[in-house]
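Down below is the structure, laid out as structure tokens.
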Amino acid sequence: MKVRVFVSLKEGVLDPQGKAVEHALHSLGFEGASDVRISRVVDLHVKAENAEAARKKGEEMARALLANEVIEDFYVEVIV
Amino acid sequence: MKAGIVVFPGTNRERDMAQAFRVVSGKTPQMLWHQQDNVDGFDLIVLPGGFSFGDYLRSGAMAAHSPIMKAVRRFAEKGGYVLGVCNGFQILTEAQMLPGALLRNAGMRFLSQDCHLKVEGRDSIFTSGWTHGDVFRAPMAHGDGNYTAAPEVLDRLEGEGRVAFRYCTAEGHMKDSDEHVNMNGSARSIAGVLSENRRVCGLMPHPENLTEEILSGTDGLPLFTGIMEALG
């Protein structure tokens with residue numbers, strides 16, 4: 001089953017990469033762009049009985065390694 | 001003192017670290033490969049700088065879950081001394097053996113230059129070679145050194161004297177929002193922290209690279225003399 005883990009910086013955690021991209025967007029003429037944040041998407045396959053079990057596996061992996069919960073939030077989607 | 005230096009794929013400052021210990025003790029620490037699963041018999045374990053596992057995912061994330069880190073955690077829980085410098089500090093935060101996390105430098109640039117540090121930690125072998133409030137020069141070389149933690153965690157670190165080192169000017173002034181002083185944007189200018197029992201220390205700059213006159217100074221030497229005096 002295909003699982004997609006979204007990892008993003010927690011609100012309030014500074015995202016220098018997002019800031020730099022925002023500046024670049026402004027210099028390209030997209031003056032309206034603001035609050036740019038860069039996140040990470042991890043796609044993977046897991047062996048699981050059903051979608052719920054696959055989602056649980058994804059969450060376990062996020063907690064163990066894919067996200068650092070000190071600075072990041074995550075959510076998991078099962079893609080059927 | 002029996003010191004071990006952990007080597008991960010991508011570690012690159014292990015020899016600098018070994019040399020610093022040789023200078024103060026005359027003994028060469030043992031190199032420990034990351035797949036090893038015990039660190040029994042050591043007095044101090046050092047996680048040196050570098051780019052373990054290519055800094056993939058997050059700096060230190062993969063190394064934090066390697067077999068040797070399980071052993072290092074057990075070692076620390078039993079009261080063992082652990083020092084992490086640069087990537088080693090990142091690994092210790094990823095392993096949650098130290099609070100907080102190290103984000104991308106605020107200015108986005110990799111910083112390879114000297115900085116000044118103020119010694120603030122109390123009751124620790126990692127700061128005992130200096131006098132509280134001393135200022136010393138240290139080289140830094142990192143892309144992810146921007147220390148962050150929840151405000152209540154920062155308050156607690158400060159309240160318990162567990163901020164080991166802070167970035168400052170050569171005269172010892174802190175300026176959190178000045179990119180020439182707090183170059184990577186760290187919260188409250190924090191460059192190094194101590195664990196609750198003060199036996200685990202992590203810092204971003206590299207005192208080991210200023211331990212002999214031939215390296216242009218010995219400003220970093222007190223880190224190693226302090227450890228030596230405590231552990232023999």
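From the backbone N, Cα and C atoms, a Cβ is placed for every residue, glycine too.
Residues or ranges marked as active site, nucleophile in TrEMBL: B:Cys86. What TrEMBL records for B:His206, B:Glu208 is active site.
Taking the features listed in TrEMBL, we show where each one sits on the structure.
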residue	record	Cβ within 10 Å
B:Cys86	active site, nucleophile	28
B:His206	active site	24
B:Glu208	active site	29
